[in-house]
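Heads up, the thing below is written out as structure tokens.
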Amino acid sequence: MAGSQALLITVLVIGIAFHSTLLVDATIAKSMYFNWGAHHSSILGNGDDLRLVLDQTSGSGIQSKRAFLFGSIEMLIKLVPGNSAGTVTAYYLSSTGAKHDEIDFEFLGNSTGEPYTIHTNIYTQGQGNKEQQFKLWFDPTSDYHNYTIHWNPTQVVWYVDSVPIRVFRNYESQGVAYPNQQGMRVYSSLWNADNWATRGGLVKIDWTSAPFVANYRRFRARACKWNGPVSISLCAIPTPGNWWMSPVYKQLSNDQQGRLKWVRDNYMVYNYCTDFKRFKGQIPTECSKPQF
């Protein structure tokens, strides 16, 4: 019996160590592949530069080869310049199926000279309706900017150039679903959404401005690889390899909370938690809980 227990412990320790160190830090070409529109999009240079294209024939999209559970997913993106009204550049994590989990960045195009809108959302067990939207404090089309999703058992944080813009904390113990049971792949796409993206669909795509191009580089997934249900526990064990489990990532620092407040005070344009009319006075449970 003692020998069996020792063997079991040894196997578990080896499994944890192996699982925890399976972190991805590779180029776009090695980590991702086109899932549609490959005929007019491309991976360039050293394999770490990507062009997604939208024209009247098709949009385009890419996804990661692997799924992940917890960690940090980041990409440098330069959005469609000029008149991008009606286009959406999406960058998100998602599992599959009717009960899927999903964590979204969506960049809603606009007419020349008007600011982009960042549309964020989170789905748990197939249920979304948790939208928050922001304007940006810079021109996202003139240069590359870092967009990061940080995700652990305690909270999901959306970052723009290391500035937190949104937090969704885990209140599963109080009946609020949280994305911690499904591995998610990384997706990005550029597509025609002129039925809703710009001013609720009032402004349509001007196809004379096509092709529309979004540029990407330096995809990094410093995250725990999903190897099936065993990952639910292995990716959440506080080991040195599971760096996202460190206490420092359980809550934003005072400085980060200050920057988050600055963004939300000055650049937030929609918050589902304050949309009383939409929810007929029954605001979702998490909206009454501390998020920061």
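Quick reminder: no glycine exception, Cβ is built from N, Cα and C everywhere.
Unlike curated entries, TrEMBL annotations are predicted automatically.
Copied over from TrEMBL, here are the features:
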DOMAIN    24-216  domain 'GH16'
ACT_SITE  E102  active site, nucleophile
ACT_SITE  E106  active site, nucleophile
CARBOHYD  N110  N-linked glycosylation site
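Distance between Cα atoms for E102 (active site, nucleophile) and the residue listed as 'N-linked glycosylation site': 25 Å, as a whole number.
Residues belonging to the domain 'GH16' (24-216) score a mean pLDDT of 93 in the model. Within 10 Å of the Cβ of N110 (N-linked glycosylation site) there are 21 other Cβ atoms, across all protein chains. Taking all protein chains in view, 19 other C-beta atoms sit within 10 angstroms of the C-beta of E102 (active site, nucleophile).
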